Amino acid sequence: MKAVSRVHITPHMHWDREWYFTTEESRILLVNNMEEILCRLEQDNEYKYYVLDGQTAILEDYFAVKPENKDRVKKQVEAGKLIIGPWYTQTDTTIVSAESIVRNLMYGMRDCLAFGEPMKIGYLPDSFGMSGQLPHIYNGFGITRTMFWRGCSERHGTDKTEFLWQSSDGSEVTAQVLPLGYAIGKYLPADENGLRKRLDSYFDVLEKASVTKEILLPNGHDQMPLQQNIFEVMDKLREIYPQRKFVMSRFEEVFEKIEAQRDNLATLKGEFIDGKYMRVHRTIGSTRMDIKIAHARIENKIVNLLEPLATLAWTLGFEYHHGLLEKMWKEILKNHAHDSIGCCCSDKVHREIVARFELAEDMADNLIRFYMRKIADNMPQSDADKLVLFNLMPWPREEVINTTVRLRASQFNLRDDRGQPVPYFIRHAREIDPGLIDRQIVHYGNYDPFMEFDIQINQIVPSMGYRTLYIEANQPGNVIAAKSDAEGILENAFWQIALNEDGSLQLVDKDSGVRYDRVLQIEESSDDGDEYDYSPAKEEWVITAANAKPQCDIIHEAWQSRAVIRYDMAVPLNLSERSARQSTGRVGVVLVVTLSHNSRRIDVDINLDNQADDHRLRVLVPTPFNTDSVLADTQFGSLTRPVNDSAMNNWQQEGWKEAPVPVWNMLNYVALQEGRNGMAVFSEGLREFEVIGEEKKTFAITLLRGVGLLGKEDLLLRPGRPSGIKMPVPDSQLRGLLSCRLSLLSYTGTPTAAGVAQQARAWLTPVQCYNKIPWDVMKLNKAGFNVPESYSLLKMPPVGCLISALKKAEDRQEVILRLFNPAESATCDATVAFSREVISCSETMMDEHITTEENQGSNLSGPFLPGQSRTFSYRLA
């Protein structure tokens with residue numbers, strides 16, 4: 001009799017390092033479970049495989065306390081029995097950056113090679129939805145297979161669990177969906193009644209959905225020890241289901257069967273974030289916004305600032321500190337695990353997540369300062385007071401720069417490398433204790449104070465490089481006064497901005513004549529959800545600052561003006577007060593709106609003082625545009641999403657596990673457009689948005705979501721059981737202060753032609769400044785060589801392709817440059833001009849393995865497809 005299906009039983013564990021329990025609690029279980037796993041693999045030849053959840057952080061946690069077992073692990077990996085990798089941690093894919101996903105795979109696969117070969121499957125059994133760019137990233141590591149659970153439904157193009165999945169550039173993987181999850185084979189009973197009760201309905205679903213009738217029954221669960229009697233269970237399965245064949249397999253064997261039927265597979269494209277058959281938690285992007293903001297800020301510091309700066313320094317002769325960078329990367333990658341960055345954890349775990357981010361940020365800040373200092377210390381005029389300006393974007397930038405200089409003088413002159421005076425504006429000045437500069441000064445009895453000047457300058461800084469200004473103490477400088485010709489509260493060549501009575505803004509784009517009104521109005525509403533999902537209260541009451549009485553202070557400086565808008569919102573203290581239409585709670589709002597004299601951007605800092613619970617705060621940016629779609633960036637590209645999800649009309653009748661609310665994630669920017677005119681909103685960490693309004697559309701950017709439970713049952717937008725467990729998490733109410741920032745950019749034409757992606761990256765990559773003075777708390781010896789006073793490593797146009805990463809190669813003396821095309825539909829070429837002679841240029845995989853022959857020069861062949869990244873390795877003279 002031909003088998004109805006072949007059922008592949010794969011022993012595994014899903015290992016959340018932390019969740020409602022801490023890493024240290026799970027580590028104790030890990031030590032226990034690993035001993036059982038190793039003993040079974042060593043002693044039982046029939047127990048062929050064990051999958052270690054696709055992440056090497058498990059091994060790192062284990063070896064921290066059991067280093068003596070490295071050889072035991074290595075033997076089992078080399079034998080193909082213990083299956084490890086390819087990830088470092090089980091990452092989220094919708095709210096972390098492209099480079100974070102790339103480094104997660106890079107470090108995970110490099111860790112694997114110390115023990116054997118990694119599993120070459122993009123294995124994400126529990127992440128909350130799948131980015132449409134994952135096939136492209138997987139291919140960059142030679143991975144052509146993926147296995148996941150969440151996000152698919154038949155509206156993507158098939159109701160089958162096996163298909164081909166493509167990214168926008170055509171990168172392709174073979175996909176196997178786990179339609180009932182990764183734990184349907186957990187704790188399998190050994191008796192017939194128990195097995196039939198569990199599996200009869202499962203087999204019907206699995207076989208109906210399968211093209212190949214190769215069925216997966218993963219034998220494992222969260223923190224589950226291996227099932228000792230699995231062979232007894234398999235014998236019972238063969239007895240009660242004789243029409244099916246049961247085998248112990250590794251996932252690769254299933255994919256071999258799928259790939260043999262490639263011609264029968266549908267081809268799907270795009271992201272998978274449907275919660276029809278399983279929960280994807282579309283609104284988890286706004287939980288614990290303090291952590292989300294820190295995460296984005298530190299990602300940007302490492303990728304946009306530190307790595308390019310370290311590369312500049314390396315090309316000048318200084319050491320590239322791979323070990324320090326790997327340490328900080330791994331700290332934040334631990335936080336990128338889906339539960340951790342989703343922030344659906346206990347308060348104690350969230351405190352540990354914050355601590356890891358603080359450690360990584362402290363390392364990044366100090367290493368940035370170290371590299372700037374090494375460069376400044378080793379210029380020809382090394383003892384002179386200097387201000388060194390670093391531009392880590394690949395085109396020259398004229399920027400208004402706010403920075404601080406310290407010196408032992410009450411006045412100073414600032415000059416450039418040609419001896420010309422540099423005008424500057426003094427924003428603030430204060431005395432500081434000399435011990436804060438260098439404790440050795442006061443150690444020898446010198447207590448004369450230093451002066452600290454916060455200054456503003458307007459300078460052009462070379463592309464991917466730096467320039468030096470010189471500080472002459474006790475000399476009169478070209479100090480200029482504040483200027484303003486504004487008719488409204490703020491004005492420059494591009495914008496006229498006025499204040500409404502409720503504290504919101506009226507904007508006029510002078511070039512296009514387009515008007516925007518009620519911009520930056522704060523909206524407050526209920527949140528009866530949990531750490532996984534937003535859900536409104538049954539008795540909703542939406543409040544805006546319409547009755548606020550704002551106080552507005554205007555500060556005009558030399559090249560920049562700011563409006564500081566302050567007001568309080570009276571809001572319900574909790575859900576009970578909202579139901580009773582009472583409002584004894586309070587949200588303090590301080591908006592700082594900054595307009596530079598030569599900028600199309602309006603930069604906004606939002607400072608909140610939240611003194612209420614169970615609510616959501618959003619900032620609204622109304623536009624005059626009537627459109628049914630919105631553009632947002634994603635990893636290595638951008639995509640258009642509908643303003644409204646049509647599935648919302650019938651989601652309850654169709655039995656969705658959660659409502660398909662049109663609340664989406666971005667990474668750095670989102671844009672609305674009608675005709676040739678558009679408005680983009682840039683953000684750092686505010687990665688959740690919705691577009692609301694009937695005709696004229698409004699951006700609604702989530703600022704804060706306060707909830708008090710990790711999991712909660714029977715939400716309006718997510719009926720049924722709690723996600724996670726019903727654990728109190730008072731810290732997730734986010735009482736107290738929260739600061740965030742965004743920027744508004746108007747443009748004409750397409751987002752691609754206007755360089756919206758490039759402008760967002762530039763906003764997230766501010767010019768860095770280093771003030772070199774003769775004293776420093778920490779001493780450094782000088783290098784045995786000098787560096788130039790001005791330097792530019794490379795140059796690219798401010799449109800077209802965009803840099804994703806600039807770093808030194810991990811294993812050779814070359815520069816790695818990863819570029820991508822951010823456009824959704826247009827191809828583009830890349831032009832890179834190095835200031836140094838290029839001995840050779842090779843194209844590589846994302847793992848930095850060379851794939852093409854070396855070419856002389858820096859010319860890059862062929863156009864970049866939409867959403868395509870390419871990685872190049874340069875050997876410089």
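Every residue, even glycine, has its Cβ placed from backbone N, Cα and C.
Bear in mind that the values here come from a model prediction, so they are computed numbers and not experimental data.
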Besides HIS14, ASP16, ASP126, which of HIS322, HIS336, HIS338, HIS350 does Swiss-Prot list for that divalent metal cation site?
HIS338
HIS338 (divalent metal cation binding site), number of other Cβ atoms within 10 Å
26
Length of the line joining the Cα atoms of HIS338 (divalent metal cation binding site) and ASP126 (active site, nucleophile), in Å:
8
Look up HIS338 (divalent metal cation binding site) in the DSSP assignment and report helix, strand or coil.
helix
For ASP126 (active site, nucleophile) and ASP16 (divalent metal cation binding site), determine the Cα separation and express it in whole Å.
10
To test your reading of the divalent metal cation site: which residues beyond HIS14, ASP16, ASP126, HIS338, same chain only, put their Cβ within 8 Å of the Cβ centroid of those residues?
TRP15, TRP19, ASP53, GLN90, PRO125, SER127, ASP222, ALA337, ASP339
Are there any residues at least 6 positions away along the chain from HIS14 (divalent metal cation binding site) with a Cβ closer than 8 Å to its Cβ? List them or say none.
ASP53, PRO125, ASP126, TYR182, ALA183, GLY220, HIS221, ASP222, GLN223, MET224
Look up HIS14 (divalent metal cation binding site) in the DSSP assignment and reduce it to helix, strand or coil.
strand
